[in-house]
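Asker: I have a structure here, written as structure tokens, and I will follow up with some questions on it.
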Amino acid sequence: MEIKEQQFRIQGLALSDLAQKYGTPLYVYDGEKILQQVEKLKTAFSEVTMRIKYATKALSNINILKLMKKAGTGVDAVSIEEIKLCMHVGFQPQEIMYTPNCVSFEEIKEAVELGVMVNIDNIPMLEHFGTEYGNTVPLCVRLNPHILAGGNAKISVGHIDSKFGISILQLKHVLRIVEAYNLNVIGLHVHTGSDILDAEVFLKGAEILFDAAKEFKDLRFLDFGGGFKVAYKIGDITTDIHEIGKKVSNAFKTFCKEYGRELELWFEPGKFLVSECGYLLVKTNVVKSTPATTFVGVDSGLNHLLRPMMYDAYHDVVNISKLDGPERVYTLVGYICETDTIAADRKLKEVKEGDIIAIKNAGAYGYSMASNYNSRLRPAEILLFRGKDFLIRERESFEDILRNQPMVDLE
Ligand SMILES: *Cc1c(COP(=O)(O)O)cnc(C)c1O
């Protein structure tokens, strides 16, 4: 009984029980945590008219989208498929922002026909848009302010070499196109990258956007993208959302006064809303010692959680099968035939074969980046809500791997 009390619990449910009930590897999401994060953001920006457009790509299970809808957010989609997922869940086209990069104009047209607002991120598409729609369809323009932010080159999207957005240095060109086609630009957007630490980076982006905004007459909103950092390990510096809220709101109110109209302030957080809610539960297949290292080899890998290898991301790990006793240093690795270190040199309670390890902060860019590499099956997903566990995605089966692969006659 006492051991039971010590178990890693979320909403009263023990993660080890969930691993037993559904098997591993298993993604588990704490729905209440998501709602708390939404509220936190709303509270921080309560002084202005703020709209949240959840970045669908972070975690796109339709039940997570449904929870966002329940929490009153809109969504940001980066592909026509994400738009369709959001509409499937019941989001109205006007609640969806479409922020594509390097997609065809056909796809942009499809989004317009669905009634979704498009955020244009290059000059050729802006001209196509003008030719096709003139001033009949409102749009947003994505600018790149060239601010360096973010913890990793791959997630810093504001720098000068970045493929994202229209360079702020090309603003004059944008304005000429807007004038030539009489474009109805109702929003301006910047997204400088993930892992933004402090209010100053946001404010720097804001100042540049405010300056540009003065050149557009019909704006209704300014969109500051996503990128709020969350804590990945104890002691991590995280975005002080209340400080950002206060400072950005003040700057925004001052700008609106100058602009002569109350605008809406939009954000598109992904990680901030869904990172901490997620746990990837994996089972220890083998504890393998080499002269240098003790490896814990688990039944998952970069096929299910790419972030450690792709972004050098740090994920806290816990042996939930053993919550007391001595600790030892381990390196947690996957079963993929590729170096797929999940966590290097970490202290864990002594690990035995069969022990369940919880990988934390696995909600954002976990399942959504998962693949079938090594012909492995993708995990099931569980949503915990109001003390109950819901299966929100079946574990894949071998039939799923074979699907769409017709066997052709090579004779
Ligand atoms: C990925 C993305 C986001 C979300 O970024 P986070 O770091 O998860 O907050 C927001 N806006 C756009 C346009 C994106 O591509």
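Each Cβ is built from the backbone N, Cα and C atoms, and glycine gets one as well.
Annotation source TrEMBL lists pyridoxal 5'-phosphate binding site at Gly227, Tyr365. Residues or ranges marked as substrate binding site by TrEMBL: Arg307, Tyr311, Glu338, Tyr365. The feature domain 'Orn/DAP/Arg decarboxylase 2 C-terminal' is assigned by TrEMBL to 27-363. What TrEMBL lists as domain 'Orn/DAP/Arg decarboxylase 2 N-terminal' is 33-275. The N6-(pyridoxal phosphate)lysine annotation in TrEMBL covers Lys57.
I'd like these features described in context: how deep, what's nearby, how far apart.
Answerer: For Gly227 (pyridoxal 5'-phosphate binding site), the number of other Cβ atoms no farther than 10 Å from its own Cβ, over all displayed protein chains, is 30.
According to DSSP, Glu338 (substrate binding site) sits in a coil region rather than a helix or strand.
Confidence for the domain 'Orn/DAP/Arg decarboxylase 2 C-terminal' (27-363), expressed as mean pLDDT, is 93.
Lys57 (N6-(pyridoxal phosphate)lysine) falls within a helix when secondary structure is assigned with DSSP.
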Asker: Please list, in sequence order, the residues in the chain of Glu338 (substrate binding site) that are at least six apart in sequence and whose C-beta is under 8 Å away from its C-beta.
Answerer: Gly301, Leu302, Tyr373
Asker: Taking the Cβ of Arg307 (substrate binding site) as the centre, how many other Cβ atoms fall within a 10 Å radius?
Answerer: 22
Asker: Taking a cut-off of under 6 Å between Cβ and any atom of ligand 1, tell me which of the binding-site residues Gly227, Tyr311, Glu338, Tyr365 pass.
Answerer: Gly227
Asker: How many Å lie between the Cα of Lys57 (N6-(pyridoxal phosphate)lysine) and the Cα of Tyr365 (pyridoxal 5'-phosphate binding site)?
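Answerer: On Cα coordinates alone, these residues lie 7 Å apart.
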Asker: Counting other Cβ atoms within 10 Å of each residue's Cβ, which of the binding-site residues Tyr311, Tyr365 comes out lowest?
Answerer: Tyr311
Asker: Kindly assign Tyr365 (pyridoxal 5'-phosphate binding site) to one of the three DSSP-derived states: helix, strand or coil.
Answerer: coil
